[in-house]
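Single-structure report; data block below.
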Amino acid sequence: MGENKSKRGRKPKKPVVETLEFQTTTSGGPNTAAASSSPAIDDVVFSVSNVELIDSPASNHQNRRRGRPRKIPKHAEKPDKILVASPTRRIENNGNTAGHNFVAVAEAPVTAAAAAARWESVAMARAVPSMDAVVKVFCVHTEPNFSLPWQRKRQYSSSSSGFIIGGRRVLTNAHSVEHYTQVKLKKRGSDTKYLAKVLGIGTECDIAMLTVDDDEFWEGVSPMEFGDLPALQDAITVVGYPIGGDTISVTSGVVSRIEILSYVHGSTELLGLQIDAAINSGNSGGPAFNDRGNCVGIAFQSLKHEDVENIGYVIPTPVIMHFIQDYEKNGAYTGFPILGVEWQKMENPDLRLSMGMKPDQKGVRIRRVVPTSPEFEVLKPSDVILSFDGVDIANDGTIPFRHGERIGFSYLVSQKYTGDNAVIKVLRNSETLKFDINLATHRRLIPAHNKGRPPSYYIVAGLCFTTVSVPYFRSEYGKDYEYQAPVKLLDKLLHELPHSKDEQLVVLSQVLVADINVGYEDIVNTQVLAFNGKPVKNLKSLASMVESCGDEFLKFDLEHEQIVVLRTKTAKAATLDILTTHCIPSKISDDLKT
């Protein structure tokens, strides 16, 4: 648990971790950003920035200078090495062209026999991965409109990568098929797109499983085999269909780092690999191979910053196998369990002494326990967690991981499945205790994802009520919502814990102006605390209380000591006309009707 530090003043530039889905069609609807104009290619609009193009040697005349032509030195009739000038051109964002001349050294021609021998030796040293199992994923997305929850945004298309595994299944990234309406797959060297069916989506681990009913799709393709978790400096090859072309692309590098990473799409932390192979938009879901030709990961995100070069991230084999085995065991994806506590490092010796720890004891202090978690029944604040399933935890929260490496102890928790038990040893009042705890998934007060479900809403007299989520923040305040959203809502996002499993944060998102709600039209994104003196637990309870209200007035208590009061009879009567004016089909979302 890192510390959250905020500074006043100008917003700092920070590295941005981005997923690698390549959007091939940009809509021009009112809820989307305007795309820059570009020539149409088969009715597909490509939105690309910072693309480096390398010209062929035939385009040397574009960089030719005026004046006397350059003298070309005379070489021997059969030189050992020839200097070849190869100009390149970089197209910047503003369209200016900067020319650079690089000199490449070309070796003397080699005979066919020597070339064949060389390739044979390379093939023997390094196995060639089965790239025929790599497919291109085409998806049409229709996202919900969280600001206007009764409608959806205009659809758009994207392309990404995937690969075939055993059991007539295909793996790709979850963000590649998020809010999908149609998914198609195309094999390498084929001109046919096959309709695919989504079997499961793992939001936290950013993995999705697909299948194809057409038997023709599976003909002549061997499924990929998984390899072990690679070590540092191991060679790795990323295969996929990234931006820049239509055919398959291969890039190579090494494993730079292995640690617990932040998964941007799932807003969680799991084991991940950092590599220096170039991975770009469209590489999402593509496999990463080791030098034996086995799949050791899935490309899923990269780090974008002006001071960063070639930092990409790969979902490793343990996370992939956890997803597959979870699906096979339960018939659906159930998620990664977590330990429902927030903890503090105990690196200070005085802190350890005050907690009654012996010199040979190490661990982390529990700050607070999530009230809705199973751990709430047995663990208490200020307990010191000494070990998890027999593995001792250091004062900085790490455990031994392979030879000469350490990793956060949350790795042990992520290896478990939902419903599994774990033995936790704690120190409480200088006494060592052991607890057998059932692990479960964690539910946040403000969820990071709606997991494909449309947002909930309720409207009365033009007052639009909805629930707060991270997608709602992005819809209202953009990608930089952490700088634009109200401070109180952000504080609840970062620090507030739910006290019941069905608790939600309900807000009055906007007021659809009408005569009945005069004077309230400036209220935006304000939390609803109570209705007619009764606390609001969730949106369904609010809608139920309003619909069954027999009092003369509807009184909504908001934060900042604000109140909204309307006459019950006239407010309910005005609702239908307001819905008709704004072309809203229903005053309540379908999930709240049941």
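Note: Cβ is positioned from N, Cα and C throughout, glycine not excepted.
Model, not experiment: these values are computed from the prediction.
What TrEMBL records for 1-38, 55-81 is region 'Disordered'. Summarising the annotation, TrEMBL assigns compositional bias 'Polar residues' to 21-38. Residues annotated as compositional bias 'Basic residues' in TrEMBL: 62-73. Positions annotated as domain 'PDZ' by TrEMBL: 348-439. The domain 'Protease Do-like PDZ' annotation in TrEMBL covers 446-591.
This prediction places the mean pLDDT of the domain 'PDZ' (348-439) at 94. As a summary of secondary structure, the domain 'PDZ' (348-439) carries 15 helix, 35 strand, 42 coil according to DSSP.
Per-class residue totals from DSSP over the domain 'Protease Do-like PDZ' (446-591), listed helix then strand then coil: 52 helix, 35 strand, 59 coil.
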